[in-house]
Amino acid sequence: MAGDAPAARKCSGSDCTNDAGQLQCPNCQKLGKESFFCSQDCFKRNWAEHKKAHKLQTTGQYNPFPAYPYTGSLRPVYPLSERRTVPASIKHPDYAKDGTPYSEQKFVGRHKIAVLNAKEIEGMRKVCRLAREVLDVAARVAKPGVTTDYIDEVVHKACLERNSYPSPLNYCRFPKSVCTSVNEVICHGIPDQRVLQDGDILNIDVTLYHGGFHGDLNETYYIGDKSLADPDSVRIVETARECLDKAIEIVKPGTLFREYGNVIEKHAKSQKCSVIKTYCGHGINQLFHCAPNVPHYAKNKAVGEAKPGMTFTIEPMISLGTHKDKTWPDDWTSVTADGTRTAQFEHTLLVTEDGVEVLTARLPDSPGGPVARIEPTNGQEVAVSG
Ligand SMILES: [Zn+2]
Ligand SMILES: [Zn+2]
């Protein structure tokens, strides 16, 4: 459905059928709830009944940005849990203390792409294998009824058990140990108190820092059976998965970094999906993010070509609707501008003498994996009751 006009909001007065105006209950606003009334009069008339709703709010949970024009139905559910800690015995990256990645900034503007030696490659193999294990642990607990904050706790503990620092924690002040991106969230979703619903799709983006190297991967998972029965959800998740697979097929020495976007966008378009342009794949090694920049859209102007010993990610973000993104006032959560669903997959890759090694490859028992597309019901709309 095209167009940006939000559906008309109804007045919260229990005896009122009018559309709501801009007038909001100030008590609800403080509680992070949205209740709009058609008029001051109606608000007053319904006050005795309406104020009961304030007392029902005993969970202490709230939407921190109640006046923000959200693009879809997802809302942040605060308070965030306390910041998790990492024992001093685990090696911390330079940004862990104050949030500034000093060593990355030294390299900003440099196009020189690191070529790793044999020992460094071993370090990358190790951390990427551990990162895969942690993603799989997280995916196994991602079910309806579980909060994304619980997934963060599971990821955090799984990192510590592997003598690893969860790279997102305090990177440019990101508050949590993993990114959890639900439905219309493109990337960088902050784990919070929202409970996963049957029918959600969830991207879990895990990065570990171990032995002086970062390993980065993500996958999108179907939450419950309803998402697996929704043709559009299956189309977006499977298309994103295939886009990454097709891009990896052309990784070898000599492939230009600008080529991947052509392969990805061609496939996305063939499935009537679009490619997010704002976020790119990246070099990764002793630094979390460095050269090269790897855009996922066609006709980009990325510099450089793959050479043996280089390590970088490809992580296409694909949307059912627009390619345009917006960022929530938390300064992290990126959502589609039209609120349509989006999916992403990511691997950390090593360029070899004759091709590529997928350092974060799935294990035989990894949860998730491809599913067959479902045909949308053609012709008439099917009415669903309940
Ligand atoms: Zn990632
Ligand atoms: Zn990444």
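Note that Cβ sites are derived from N, Cα and C of the backbone, with glycine treated the same way.
Around the Cβ of His188 (protein binding site), 20 further Cβ atoms fall within 10 Å across all displayed protein chains. Here TrEMBL flags His188, His289 as protein binding site.
Taking the Cβ of Asp216 (Zn(2+) 3 binding site) as centre and 10 Å as the limit, one finds 27 other Cβ atoms among all the protein chains shown. According to its DSSP assignment, Asp216 (Zn(2+) 3 binding site) is in a strand. Per TrEMBL, Zn(2+) 3 binding site is recorded for Asp205, Asp216, Glu346.
DSSP assigns His282 (Zn(2+) 4 binding site) to a strand. Of all the Cβ atoms in the protein chains shown, 19 others lie within 10 Å of the Cβ of His282 (Zn(2+) 4 binding site). Per TrEMBL, the feature Zn(2+) 4 binding site maps to Asp216, His282, Glu315, Glu346.
Residues or ranges marked as domain 'C6H2-type' in TrEMBL: 8-61.
Per TrEMBL, the feature region 'Disordered' maps to 367-386.
Ligand 2 lies within reach of none of the binding-site residues His188, Asp205, His289, judged by a C-beta closer than 6 angstroms to any of its atoms. Of all the binding-site residues in the record (His188, His282, His289), the one with the smallest CA separation from Glu346 (Zn(2+) 3 binding site) is His282. Taken in sequence order, the binding-site residues His188, Asp205, Asp216, His282, Glu346 that lie near ligand 1, meaning a CB under 6 Å from one of its atoms, are Asp205, Asp216, Glu346. Per Cα geometry, Asp205 is the residue among the binding-site residues Asp205, Asp216, His282, Glu315 nearest to His188 (protein binding site). Take the Cα of His289 (protein binding site) and measure to each of the binding-site residues Asp205, Asp216, Glu315: the nearest one is Asp216.
For Asp205 (Zn(2+) 3 binding site), the same-chain residues lying six or more positions away in sequence with a CB closer than 8 A to its CB are Pro168, Val178, Cys179, Thr180, Ser181, Cys187, Asp216, Leu217, Asn218, Gln344, Glu346.
Excluding Asp216, His282, Glu315, Glu346, which define the Zn(2+) 4 site, the same chain contributes Asp205, Leu217, Asn218, Gly281, Ile284, Thr313, Ile314, His347, Thr348 within 8 Å (Cβ to the Cβ centroid), listed in sequence order.
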